[in-house]
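*Asks:* According to TrEMBL, the protein has these features:
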- A:70-88: compositional bias 'Basic and acidic residues' (COMPBIAS)
- A:113-512: domain 'Cation/H+ exchanger transmembrane' (DOMAIN)
- A:57-88: region 'Disordered' (REGION)
- A:1-21: signal peptide (SIGNAL)
- A:131-152: transmembrane segment (TRANSMEM)
- A:164-182: transmembrane segment (TRANSMEM)
- A:194-214: transmembrane segment (TRANSMEM)
- A:234-253: transmembrane segment (TRANSMEM)
- A:260-283: transmembrane segment (TRANSMEM)
- A:303-327: transmembrane segment (TRANSMEM)
- A:334-350: transmembrane segment (TRANSMEM)
- A:356-375: transmembrane segment (TRANSMEM)
- A:387-408: transmembrane segment (TRANSMEM)
- A:420-443: transmembrane segment (TRANSMEM)
- A:455-476: transmembrane segment (TRANSMEM)
- A:488-511: transmembrane segment (TRANSMEM)
2 protein chains.
Amino acid sequence: MFSKRTLLICALALILGSAQARPNTSAVGVAPRKVSQDIVDAVTQLNLGQSAPIDAVDVGLDPTPSARVPRPEPLKSGDENAKGDEGHKMERYPLSSVDFARVKTPFIIGIWILSASIAKIGFHMTPKLHLIFPESCLLIVVGVVIGVVLYFCTDVAVSPLTPNTFFFYMLPPIILDAGYFMPNRLFFDNLGTILLMAVVGTIFNIATIGGSLYACGKMGIYGESETPGLMDVFLFASLISAVDPVAVLAVFEEIHVNEILYIVVFGESLLNDAVTVVMYHMMESYNEIGLDKIIAQDIASGVGSFFVVALGGTAIGIIWGFLTGLVTRFTDHVRVIEPIFIFVMAYLAYLNAEIFHMSGILAITFCGITMKNYVESNISQKSHTTVKYALKMLSSSAETIIFMFLGVATVNNMHVWNTWFVVLTIAFCSVFRVIGVILLSALANRFRLHKLSRVDQFVMSYGGLRGAVAFALVLLVDENVVKQKNMFVTTTIAVIYFTVFLQGITIKPLVKILNVKRANKRKPTMNERIHERFMDHLMAGIEDIVGKTGNYNVRDKFKRFDNRFIRPLLIRDLKVFLHLSL
Amino acid sequence: MFSKRTLLICALALILGSAQARPNTSAVGVAPRKVSQDIVDAVTQLNLGQSAPIDAVDVGLDPTPSARVPRPEPLKSGDENAKGDEGHKMERYPLSSVDFARVKTPFIIGIWILSASIAKIGFHMTPKLHLIFPESCLLIVVGVVIGVVLYFCTDVAVSPLTPNTFFFYMLPPIILDAGYFMPNRLFFDNLGTILLMAVVGTIFNIATIGGSLYACGKMGIYGESETPGLMDVFLFASLISAVDPVAVLAVFEEIHVNEILYIVVFGESLLNDAVTVVMYHMMESYNEIGLDKIIAQDIASGVGSFFVVALGGTAIGIIWGFLTGLVTRFTDHVRVIEPIFIFVMAYLAYLNAEIFHMSGILAITFCGITMKNYVESNISQKSHTTVKYALKMLSSSAETIIFMFLGVATVNNMHVWNTWFVVLTIAFCSVFRVIGVILLSALANRFRLHKLSRVDQFVMSYGGLRGAVAFALVLLVDENVVKQKNMFVTTTIAVIYFTVFLQGITIKPLVKILNVKRANKRKPTMNERIHERFMDHLMAGIEDIVGKTGNYNVRDKFKRFDNRFIRPLLIRDLKVFLHLSL
């Protein structure tokens, strides 16, 4: 009896969840033919509650919307008739009653997570499927299927992936997981190359993709009405150029290329966030200022704000990282809440950066990198295990939901398909990615000990996947300012599908054919680690003699400073640490 | 530079978080003397958004409120001037900008969790303090201090503990933790006594406390204007009579009495939820129907609804528990998301029960009890560790926040203090608790092998703590129906403080003085477990011969049914299980 009811409620949950989204996402929305009173209420309330047009995208699975709808009735307050309106006396005391509205939001979120996780089990039980296709592709397909079912069976469109949900609740666990388990040594050894690709590479891509798309627009290729303005094109270019950390993680975790290749591509996808944020904001406000009214000061502010966003985000992350180290120094009597500090303080670092419009991704990445050094020697082994697996669990389910929602969000009736624009965007993204990688690798190889080979460069180009960050950003574009918003949304989805499906599926066989060096999973032995440390000191010494301030020297100096001043402050039991650290 | 800014923002966060609450909780509210524009906006919006008077309590740290306030600006959409209102063009591109509103909700939640956790560290670093006082008391004191600071420094009252936050987000992890790690054998062995205390005991308390308070009211003790009606008194009695699981857990975990005593008191606090829910709803709707218009049908429905709420909640929990077992049978390729299923499905069980106005506490308790049998043999050792510590972490922080919020919520200007009502309530609660325990223990001892001694009965009476469930329920009372709501709120807080402080602090020395049998932490050896199993079969056999269907027979039959039909369906590798289960 109850299992049937449960299923019914689940279906209802999905339908209701979707009903909320329609009137806000649809510019040319078809009015729902039959909707329950609840839906009508929700809709009215949502429309009244809207203050700015840009707010329109902020609905769906965001845990907040149901609060806009007046809760028909709070918990345990009696049945529906027993509400506060005194004029209406209830008839009789009921034996039982049903009230879905008050638990709607958490229930729908739960159902989404559950169905995404079950879908994930499904793939892994069909071995052939999951050997050929990456999980991300399969999840998008499942999402599309759910989207189609909801679209045709319920007469209401769905868009559960809202930018706020994405940026505040799904992205942080994924990035924290990446930052906390970042192979620090590898990351800092390749930092030069990573920064080159992330900053110069992304700017290069924005300039070339934007310029080319605009030039093609000038030629009238897209048709009269659908040719976007200069700033519109560059706004689009700045969100479509960035390589996506979530997509890169999802694909690269399955192909197991060597660590250097992995860290260069993944590091780029993390650090390019500052460029994306700044360029996106800049193009957006230039658009509002008006092209003809931009003065030198605006451009100088733009360049300056890049440093503010990047360095500010990094600084906030590092400060919160140190604070976390400091706090966990004192947790030896309350082991059970140790993981709480790591999760909450990293999350606060992310939000803190977002308050100042700085790069939250940089903040949480560097918070993870910084805290790990100190936290790991303070917390208990059990807390360590909890952090590790809870982070993996959270990031894995966030990733699952992101790809599934990407699929669901694809099915709507607002698409503006412009074949030329889509084809040219994909072409320019691919071509300029390759050119950018070749040029910058040539530059990087002048300074690198381990040169990037042709094959490496190919994987770097081919691994430049686009993903949900671009999608969330394009949803945030203001329709009143950028007339071609819907065309941009459609094109972004097309680019994501192209990279995730075509490149994601073919990268595995290509890596095999090209014989790319694979990762070795072996952990370094104690001897090797001692040898490594010794070599570091030796190299720093050689650098000293040669008179060059290189990587090794900086690291050596930081290590000495860290050991003398920071560690004694942040680490509880230094002896234990020193023993463990060798 | 940033750390100062961060601190400033933290302070701001607390103030803003509090600002939201005032206009809704204050019946005789003093208008804030100076508030920022943001606060004024929030206030206006909240008042407009209010639909039913009962909704008034639903503000504060509930993750939803900020959604009622139109988000000034979604993420990454540019600075404040760049909003959608087209009439207003922005001046210049800014180097940097600050925008707190869009991250307010998650940021404030994070800050609360962080400060509660830091407070917890603080106690454990002052060894004397935490040896004398239970943690719950210290947390309430910290909460009161924070409340006073916020009250006098910010001119706005705070009430972050809303019933919705409590019931939907804080209670479930605590109860799941309790249910999942419930010593099943012990629980079912004592189920008879537990049910007797939970059902008959609670009803006895409601009747006697309500009756006595009403009788005293008739004598005019409380004063002319503050004498509540019959149904009002019984509504109050039904929420004040129930022993609170959170308070019991917090205190009993520190005193380490023997398992039987612990399971009887804690089991009672879990299973009395159905009684509380039903009585509370019943009194509430009788109040609306009007005392003179109640007919036999209403009373029959009330009695009937008890079985619906209790058995329905249990059934929903058991079904979701079986489903979780079934799902985890197939997770052997995706180990990392195994804990997700346990958390999400148990939470869905809770919400599912709440949809039908059944007992969510019973649902999630029995979901945990049921799933554990099957899940434990399906999931990996690492997932097991993650579930264990993540649950402990979640429930521990939820508990911490509940007590701290209880303290913060105490400081407000709506208190209606009626000395006689408070004193009499505390007296009746204590006296009838003792009488109830003595009477029902005498009844229970007729059937129990292990008799409850006088000392046991004393600890059972003394451990009947009241807590946050009562507080959340009294906040839900509709002011328009129950005129004495504020007096009830004040009295509930007084009772909670009395039990948590006086009884919570003195129970530890009393247990020592009375020489109550302590818990032995030793795990049973393999031999003892085999012996136990053998004894079960033997006892079932004896019961068969004597012709009595007792505890052992029921368990034996269920075990046989389980092994033959349920386990093969829900457990992946039965051989491994059978090996482990011995």
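The backbone N, Cα and C atoms fix where each Cβ goes, glycine too.
In TrEMBL, annotation is done automatically, which means it is predicted and not curated.
How about a rundown of where these features are and what they're close to?
*Replies:* Beyond the ends of the transmembrane segment (A:260-283), by six or more residues, the same chain brings 175, 178-179, 183, 186-187, 190-191, 193-195, 197-199, 201-203, 206, 231, 234-235, 238-239, 241-245, 248-249, 252, 302, 305-306, 309-310, 313, 357-362, 365, 450, 452, 456, 459-460, 463-464, 469, 473, 516-517, 519 to within a C-beta distance below 8 angstroms of the stretch.
Sequence-remote contacts of a segment are chain residues at least 6 beyond its ends whose Cβ falls under 8 Å from one of its Cβ atoms, and for the transmembrane segment (A:334-350) they are 172, 175-176, 179-180, 316-317, 319-321, 323-324, 327-328, 360-361, 363-364, 367-368, 371, 375, 378-380, 382-383, 386-387, 390-391.
For the transmembrane segment (A:356-375), the list of distant contacts is 167, 171-172, 175-176, 178-182, 184, 187, 245, 270-271, 273-274, 277, 281, 308-310, 312-314, 316-318, 320-322, 324-326, 328-329, 342, 345-347, 349-350, 562, 566-567, 570-571: same-chain residues at least six beyond its ends, Cβ to Cβ under 8 Å.
Cβ atoms under 8 Å from those of the transmembrane segment (A:387-408) belong to residues 61, 112-113, 115-117, 119-120, 135-136, 139-147, 150, 158-161, 166, 169-171, 173-174, 176-178, 180-181, 246, 249-250, 338-339, 342-343, 379, 467-468, 471, 493, 496 of the same chain, restricted to positions at least 6 beyond its ends.
Within its own chain, the transmembrane segment (A:420-443) has Cβ neighbours under 8 Å at 196-197, 200-201, 204-205, 208-209, 212-213, 216, 221-222, 226, 240-241, 452, 456-457, 460-461, 464, 466, 487, 490-491, 494-495, 498-499, counting only residues six or more beyond its boundaries.
Residues 54, 57, 161-163, 166-167, 170-171, 197, 236, 239-240, 242-248, 251-252, 257, 260-261, 264-265, 273, 276, 280, 402-403, 406, 409, 429, 433-434, 437-438, 441, 485, 488-489, 492-493, 495-496, 499-500, 503-504, 507, 510-511, 514-516 of the same chain, all 6+ positions outside the transmembrane segment (A:455-476), place their C-beta atoms under 8 angstroms from a C-beta of that stretch.
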*Asks:* Find the member of A:131-152, A:234-253, A:488-511 that has more C-beta pairs under 8 Å to the transmembrane segment (A:164-182) than any other listed stretch.
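*Replies:* Highest pair count goes to A:234-253.
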*Asks:* With Cβ-Cβ distances below 8 Å as the criterion, list the same-chain residues six or more beyond the ends of the transmembrane segment (A:488-511) that contact it, or say none.
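*Replies:* Apart from its flanks, the transmembrane segment (A:488-511) reaches 132-134, 136-137, 140, 228, 232, 236, 239-240, 247, 250-251, 254-255, 257, 406, 409-410, 414-418, 421-422, 425-426, 429, 458-459, 462-468, 470-471, 474-475, 477, 482.
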*Asks:* Which residues of the same chain, at least 6 past either end of the transmembrane segment (A:234-253), have a Cβ under 8 Å from a Cβ in it?
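*Replies:* Answer is 134-136, 171, 174-175, 178, 202, 205-207, 209-210, 213-214, 228, 262, 265-266, 268-270, 272-273, 275-276, 279-280, 282-284, 287, 361, 399, 402-403, 425, 429, 463-470, 473-474, 477, 482, 488, 491-492, 495-496, 499-500, 503-504, 507.
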